[in-house]
Structures are given as structure tokens and as C-alpha cells.
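Notes follow once the structure below has been shown.
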Amino acid sequence: MSRSGMHSKCKWPLPVLLVLFAHVCSGFYLPGSYMHTYSTGDKILAKVNSLTSIETELPFSYYSLPYCQPQGGIKKSAENLGELLMGDQIDNSPYRFQMNVNETVYLCTTAPLSDHQVKLLKQRTRDLYQVNMILDNLPALRYSKQNNVNIQWTGFPVGYTPPGSKEDYIINHLKFRVLVHEYEGSGVEIIGTGEEGFGIIAEADKKKASGFEIVKFEVVPCSVKHDPDKMSKHQMYNQIDSVTCPVELEKSQIIREHERVSFTYDVEFVKSDIRWPSRWDAYLQMEGAKVHWFSILNSLMVIFFLAGIVFVIFLRTVRRDLTRYEELDKEAQAQMNEELSGWKLVVGDVFREPECAKLLCVMIGDGVQITGMAVVTIVFAAFGFMSPASRGMLLTGMIILYLFLGIVAGYVGVRLWRTLKGTSEGWRSVSWSVACFFPGIVFVILTVLNFLLWGSNSTSAIPIYLYFILFTLWFCISVPLTLLGGFLGTRAEAIQYPVRTNQIPREIPARKYPSWLLVLGAGTLPFGTLFIELFFILSSIWLGRFYYVFGFLLIVLLLLIIVCAEVSVVLTYMHLCVEDWRWWWKAFYASGSVALYVFLYSINYLIFDLQSLSGPVSAMLYLGYSLIMATAIMLSTGTIGFVTSFYFVHYLFSSVKID
């Protein structure tokens, strides 16, 4: 579609007038790709992405197998940071179509397969590798029936092994079905907020925009035994007789040494009523909506239960005790202190500096950074700005947000350091640690995994040049911004404690059971909020499914924040009531311990839901990424719990009169 602006009278509300700016009606889309219309006979080029498998989770290049190559040579498509990190490698392909022209086409015939090529094809077939083809930014869809249930897949298999057979057969004929919608470009039209976002087409662009839009791309894979001598007489893209997918194995193309494989395809164009904004609906069909709502209702029940406990603590226990305490004169207060036990007795120790204060400041700073990144990303995704049409956009957006939120992380970490120490001395060390703590953990894990991926020649291995890009982004954007935030933190006013700290620490009474058991148990409540949505997220990552229910995810995230805050407040109060004034780390891990359950659930998912995952490299890859996810969740949820508990304790003891 043309983007050239033409003058026209547009009577629209103010927001649209601002977009059109001085009556210039330019067609645009945010954030996906632009709508592309084709005239009859126009060439349409298909692309291929990396070969993927849910058995190994190790993507490989399409041209690592003996497939036909395009006439002009292999050309890689421009890839963003997210695509590179996810292992996508999008190349051009020899498959090309002509709009509304149904044809059966010959591509090429391979040389006799070598022993290495046969072993590779058999291995990729046995590991259930899928070929991922893209046409006009739409992945190829395949339908199959299992137990009388229609199942939708993206991509098609490299080959197949018939049940009870030791032989493997290659997919060498593809039957494409391209659904097109005729678009006539009538006037200025709001195209809606589908995967391509908000769009406007000018009336003056009517002629240029008219044509056919591709709204669906389907494929039926076949294995056909061609006569290589006869087929090799054809030139690439010569039309041949129609090909029927055989049922008999004798008529299918076996994978065997010295075999010559001929590749062909046919394409059929079908008119459809599906419109452009709805063309991704087939990919983003939300399954299990009732399960998502059940997860939310379950979380609400937990929230109301905890809210009831917090309500009792605030309105009955705390308020009653404070009222009684403040009504007494000094002599009676002294006598009452001798008789009372609980949180009022730790008034001189509750703000005593915790152990490993610097580490706590660093983890809180990183937790704020991760939480901010997650909230902003999910909000943008929920409003449709993280389109699946823009591959890698979600991961790229998360990285950019994380880099620029370094200024907030540095500010929070250093301000907490000033509050704990009473001085700004050492703020540079704290800022550097905030900038390097979580990224350093991620870097170490990714480096170990990368050596495994390099050894497997997988496309998901991070190239050396990408390491330099990541290091440049880290040290040229994140670190300076974190140091700037730390500097601003030294200029901000330190949080003043409402009570003085005694010189001699108060002895903590012995307990019947260790406090860490209570801390670990507290993590089950936030996990109960998260685990159902976690299943869908893991399925999206490891089973190749699209995840696009970000509205549900946003609700779950908000509920998780509330649960973490409530759990941490309740647990902190319980510790103070037994005269345990070392609440700092316990408040952090009360909600942060949910990460332990997330990691254990990831192991459970690996054992019971990814049973097909094969090989130690795949398992190490899965566990490494799960460890990164669990660490991020620990820092984020721990920070939420700590910050809430800090202000709860501050409020609680600011209400106590100290002589």
C-alpha cells in the first residue's frame, strides 16, 4: 500500500485530526506490517524460518538439509534483536506464486543423497522437525485429525515414519492453499486494531490499494515418488501435470542413500470473506478461556482471604494496641512494657541494619527494574502493541525497557542504601552492583548454554557479533543510566526512621520451629495465583504455540502483585509479634519464595508435559532458561513484598509514641 499522503477533507475527532496533521491522510500501521495488496499475476515470494522441534528445542537452518535453493542464492532477511536471540533465521526460498494463478510447479531434483545427508534427514524426521514457511508475514498452517479431533499446526514435517516401519519418507510435494480477500479501498477507512494495529487508508490511495490481500496460508504436505530422470529434464518453475498425494508407501519418496529426490508444489488461490484485521484470528484462537477465568477467580479468593487477615491486623489488633498504649501515662507505659510481648517490644531494634545490606539494596534495585519492565511490556501487549506479526518484537521491547529502567533501579538501590547506612558513601559500588547483578547471572547462564548450542550447530546459538551488541547495549546504556539513577538517589532525601535504634540488639526468643519454614510456605499463595497462567506460558515457549491472551496475563499480574504484598505484610507482622526484629530478608523471601515453586513446577512440566524432549542438551537448555525465569520472578516478587512490608513497618512504628 502506498504511504504517499494526499489532501482530502477529513471530518474526524481531534485524535484522528492530530494523526492526519494538516489534512494529510497517510496510511500507516502500528506496530505490525503494512497491508500489502496484490494484483492478479503479481509474484509472491515465500520465506522459510529455522527448522524447529518440540523434541529437541534446538532450531536449525532450513538449508542445513538438501532442499532446493533459490536461483539468486540464499539471502537472509533483516532480523531484529529478539529474532536473533530466539534463534529465528529467516531466508528466502525457491517457492514463488503468482496471485490468483493456480499451477503445479517443478522445483529441482537433488544429486544422489550422500550417507551424511541420509543420516541427517532421518535424524530430523525422527526428531519431528517442522519446516516453518512464511507468506506475506503469515506462517503456513497445517490441519490434521487425531482421535476424530481437528488439530491445527504451524509448519509441516520434514518427513514421517509410518507406524511399525523402520523406513523414513521425506516430504517433497507441497499443496498450498492461499486464501485471498478482494479489497477495493473505498474512501478513508479505519482498519481496526488487529495484528497490524491502527490503520488509515486515504481516499486518494484507492486505486493503489485495490487488489487482493492474503488472509490465510495453508499447506498439505505429501511424499511422492517421482521419476528423477524424467523430472530432471524440467527447468525450475516449469509447470507439470497435477500431482496427487499417494496413500501407498510404494509411491512415496523413501529416504535412502543414492536416492535422487524431486521437489514439486502446487498452489490454489481461493477467495475468502476473511478481512485483513482478522487474518491472525486462526493463529490466536484462545483455548481454555474458562481455565483462565478459573485462575483469576481462584486468585481473587486468595486475595480476599489475605485481605481479611490484613484488615484484622490493622483495624483490630494494631489500632486497639496503639490506642491502649497511647492513653497510658509514662509510668503506666513502662509497667505495660514489662508485661507486654510482641511487636511493641522490638521498637528499638526493628530498623536495625540487616545482614548483607548491600546485597539487599542491589536485589531490590534489580527487582524494581524487572517489575517495571514486566508491567510496561504486558500493558503494551494487552493493548495490542506487541503483535505476533512483528516477530521478536516482544523480546526486543523487553530488553529496551530493561535497559532504560536502569535509572530507576539505580535510584531505588542507592536511596535504600542511604536509608540503611545513613550516608551516601559507597553509592558507586552499589550502582555498579545493581547494573551487573541480574544481567551478570543471565550472561553466565546464556554463555554456558551457548557452548552447548555451538556444539550442536543450532541457529539459536548467539553469534559472537551479537555478544558484542549486547555488551555494548549493557555498558553504553544500562550501566550509565544506573549510575545516573544512583547519583540522583544520593541527592534524594533519605527515608527517616520513626524510632531510634538501640545500641545493644535485643535477644530474639527461641522458637519451636525455624522461621524459614513459614517463609517457604508463604510462597505457595502467590504461586496459586500464577501457576495456571504459567502452564500456558510454558506451552507457548516450548510447544511452539502462540500466546496472545495478554489481557488475562495483565489481570493475573495485578493479582500477583496484590497477593505478594499481602503475604509479605502478614508474615512480617507475625515475625514482629514473636519479637523477631530481623524482618528485612524474611519480608523479601516471603513473596520471593514463589520462584522456588515456579522452578519446581518447571521441572514437573519437563517430566510430565515435555516427555518427548530428548537429549541432555535439550534438558540443559530448558533448565537454564527456567532458572533465568525463576531468578527474575524471585527478584520481582521479593521486591514487591519487601517494599510493602517496609512501608507497613514504617507506618506501624510511626504511630508509637517514644519518650
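Placement of Cβ uses the backbone N, Cα and C atoms for every residue, glycine included.
What TrEMBL annotates here:
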SIGNAL    1-27  signal peptide
TRANSMEM  293-315  transmembrane segment
TRANSMEM  359-386  transmembrane segment
TRANSMEM  392-417  transmembrane segment
TRANSMEM  429-452  transmembrane segment
TRANSMEM  464-488  transmembrane segment
TRANSMEM  516-542  transmembrane segment
TRANSMEM  548-571  transmembrane segment
TRANSMEM  583-607  transmembrane segment
TRANSMEM  627-653  transmembrane segment
Give the nonlocal contacts of the transmembrane segment (627-653) in its own chain as ranges (CB under 8 Å, at least six residues past its ends).
318, 343, 347, 350-351, 360, 363-364, 366-368, 370-371, 374, 438, 441-442, 445-446, 495, 497-499, 526, 560-561, 564-565, 567-569, 572-573, 576, 583-584, 587-596, 598-599, 602
For the transmembrane segment (548-571) and the transmembrane segment (464-488), does the number of C-beta pairs under 8 Å, pairs 6 or more apart in sequence, reach 3 or more?
no
Intrachain neighbours beyond the transmembrane segment (516-542), with Cβ under 8 angstroms and 6 or more residues off its ends:
54, 57, 288, 291-292, 294-295, 298-299, 302, 306, 549, 552-553, 556, 559-560, 563-564, 567-568, 570-571, 574, 586, 589-598, 601-602, 605, 609-610, 613, 622, 625, 637
